Amino acid sequence: MAKTVLGIHVTFLTLLFAVILLNDVMYTPVEKICERASGTWKGICIHSNDCNNQCVKWENAGSGSCHYQFPNYMCFCYFNC
């Protein structure tokens with residue numbers, strides 16, 4: 001009888017612990033990414049790797065990429081909002 005009660009308690013505590021862990025993982029907020037034109041890039045953006053390097057090194061952005069915005073391709077940097 002004592003082993004059965006102990007087993008039920010262990011099972012209950014294990015399930016409770018799993019629910020708490022999964023709840024924390026499932027509701028982790030996702031950071032929003034903000035985009036803005038590079039303030040240091042000059043001219044038409046042709047190579048996204050160059051844009052990315054400049055955004056990361058000079059503007060402390062997470063990344064950068066070339067995108068078309070009228071009238072030409074521009075370098076855009078991406079930051080955590």
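For all residues, glycine too, the Cβ spot is worked out from N, Cα and C.
Swiss-Prot records a disulfide bond between Cys75 and Cys51, which is the match among Cys51, Cys55. Reviewing Cys55, Cys66, Cys81, the cysteine that Swiss-Prot connects to Cys77 via a disulfide bond turns out to be Cys55. In this structure, Cys51 (disulfide bond) is part of a helix by DSSP. In this view, the densest Cβ surroundings among the disulfide-bonded residues Cys34, Cys55 belong to Cys55, judged by other Cβ atoms lying within 10 Å.
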